[in-house]
């Protein structure tokens, strides 16, 4: 096999792995997919090392290694599914290596999102309905305030993340907005229980899934990725808690 | 409120909020309506056990087990990765609200409540993770034939 061909195989594996880590896949699936692509492209033994901030792939006992950095980590399951499908098609020889690389680049750049208004509506629905089932006391009066606060918070979160790439500032600002809205709504007697409203409204933002995934990574033996993802989750919980506490300090 | 009305309300609301969370994390469209069932099953198991007084840890563990089993069945049926059904299905169970409460108390200076809730977050997350691993073990056992892929290097 020529050197250029080996490099191209490694690069394809690297793109697939980077997209999957950026979209919030589990580590074992990332490693499995990369090894699978390499194997199906003709590399018998590949060596993969992945962390949430960067990944390596090489060929065993040969001086070919490529590494890539992972800058953003979000949850975008459509990308995970598309990479998975492309890898399966490559395994059954439906597409060639060049087509696979093209597909991966397309997936990376233009995977369609749900429109923003739908996401904001969904955030409102999450806030209202989870507030009801979490509070345990069927607090029907707070449905509308909770939905309004949750929708505004999610809108601020999306807007801030579009403007800046600084991490955690989006969580902080949207939590502040949620706190202010909840405070004003209870003050004007449109809402009853400020705690219920806030707990519902922060639900689209809180990193509960990230905390659970990090513990799962730790239990599965991926210590590095478990620690890194756990730290990220704790920091984003800190940003949300600080934003709410700021409002509590000043207004209550 | 009679028990069966509560049951229907909890089921419906957990289904709807799971699907709504799926929209927020850009789930593939053909999985959207299915992932709600995973969330509904997990939350109903949790809610019923919790009402029978089983305590939060066991309820969370078995709820996550239910989510994992549903996720694995649907992943096999729809030929998609398991996390597509598991991550939204987990949303009603995860201790996001407790984590938020812990940090709020920490920032406001109520250190006792903060540490109680913080430990509770870690315990619940651990219980959910164990529930998932049990579901994964069940899925591995019931798979038709166990193939060791050729690219797995044994150390």
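Start at 1 and count along the chain as shown; that gives each residue its number.
Backbone N, Cα and C atoms are what each Cβ position is placed from, and that goes for glycine too.
TrEMBL annotations: computationally assigned, not manually curated.
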Matching range for TrEMBL feature annotation, transmembrane segment, among B:56-75, B:136-155: B:56-75
In contact by Cβ distance (the transmembrane segment (B:115-135), the transmembrane segment (B:31-50); 3 or more pairs under 8 Å): no
Residues in the domain 'Threonine/Serine exporter ThrE' (B:10-137) grouped by DSSP into helix, strand and remaining coil: 109 helix, 0 strand, 19 coil
Selected stretch (most C-beta pairs under 8 A with the transmembrane segment (B:56-75)) from B:6-24, B:82-103, B:115-135: B:115-135
Surrounding residues of the transmembrane segment (B:82-103) on its own chain - C-beta under 8 Å, 6+ positions past either end: 14, 17-19, 21-22, 25, 27-28, 31, 34-36, 38-39, 41-43, 46, 60, 63-64, 67-68, 70-72, 74-75, 113-114, 117-118, 120-121, 124-125, 128, 132, 139
